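Student: Annotations for this protein, taken from Swiss-Prot, read as follows:
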{"type": "ACT_SITE", "residues": "His137", "note": "active site, proton donor"}
{"type": "BINDING", "residues": "Asp76, His78, Asp104", "note": "Mn(2+) 1 binding site"}
{"type": "BINDING", "residues": "Asp104, Asn136, His186, His260", "note": "Mn(2+) 2 binding site"}
{"type": "MOD_RES", "residues": "Leu328", "note": "leucine methyl ester"}
Amino acid sequence: MDTKMEDVGKTPEPIRFQTTTEPASISTLDGWIENLMACKQLPEVDVLRLCEKAREVLHSESNVQPVKCPVTVCGDIHGQFHDLMELFRIGGPNPDTNYLFMGDYVDRGYYSVETVTLLVALKIRYPQRITILRGNHESRQITQVYGFYDECLRKYGNANVWKYFTNLFDFLPLTALIENQIFCLHGGLSPSIDTLDNIKSLDRIQEVPHEGPMCDLLWSDPDDRCGWGISPRGAGYTFGQDISEAFNHNNGLTLVARAHQLVMEGYNWSQDRNVVTIFSAPNYCYRCGNQAAIMEIDEHLKYTFLQFDPCPRAGEPMVTRRTPDYFL
């Protein structure tokens, strides 16, 4: 979401884990999912098992992961677990509904641990029914500043769960392609990328770089001005309608669907409908007053937007933020 690269410090070294635990059975996974749906966190040892299995599943996926219709496309969640439950109520439960999430599962909301653990568990349990992409907040650097690291310390008493998940984030696909026509990603386009094959050739299994094509895919934004521009975020670029039109034409696409920006109605068309922004965290940061939306795409590639408001809040935890919130 609205994050600036200058807010983060030096990139820590990725932590690599050897598989030392027994794989989870389907019945075990179902038990985990049942608890997670009730907003109950898993024990640390089970989070490790979950992340080890998820790494195997995600490693087999492409940088441009193919997705079939029907599918429901979702934007930022940002740890707003109870609003994720409302999303599933509106859109239908997984696996009955196929889902594509475009990143930013953690930070800012109070339930990043439960949110990302549930989505990863669903990915393992129903790998063909849910696609989870990487957002700019699925990063060691960003999560140390915007909440996920502190939440893991608070809920587990150490940083191990944060390490397990941030190691896993390196394996998340960067983009998805729905029926070879709708291109989905978290941020936006890159001056270093002309074709989808350019994306397929990237080495994604790393911390998000400060610059370059992988960074741009997770950080860039559409803009009213033509051409490429310097992003006020300090990472990625802004891109104009001429850029998105050419990219869609050259790659046989009908649409770029992306997240990354707060839009007050939950979705927003731009650049002569070459780009749509989807944001799925209602009343973002518990104070912005925005609606959220998801995009349902049927078997004929027809899309419908479902908007929803935040679910009622009750008993939010008392959390002291280390850093002030900001908005672009």
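Yeah, the Cβs are placed from backbone N, Cα and C, and that goes for glycine too.
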Student: Taking only the Cα atoms, work out how far the residue listed as 'active site, proton donor' lies from His78 (Mn(2+) 1 binding site), in Å, as a whole number.
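Tutor: Distance between the two Cα atoms comes out at 9 Å.
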Student: Which whole-number value in Å describes the distance between the Cα atoms of Asp76 (Mn(2+) 1 binding site) and His260 (Mn(2+) 2 binding site)?
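Tutor: Asp76 (Mn(2+) 1 binding site) to His260 (Mn(2+) 2 binding site), Cα-Cα distance: 7 Å.
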Student: Between the Cα atoms of Asp104 (Mn(2+) 1 binding site) and Asn136 (Mn(2+) 2 binding site), find the distance and write it as a whole number of Å.
Tutor: 7
Student: Where does Asp76 (Mn(2+) 1 binding site) sit in the DSSP three-state scheme?
Tutor: strand
Student: Using a 10 Å radius around its CB, how many other CB atoms surround His186 (Mn(2+) 2 binding site)?
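Tutor: His186 (Mn(2+) 2 binding site): 27 neighbouring Cβ atoms within 10 Å.
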Student: In whole Å, how far does the CA atom of Asn136 (Mn(2+) 2 binding site) lie from that of His78 (Mn(2+) 1 binding site)?
Tutor: 11
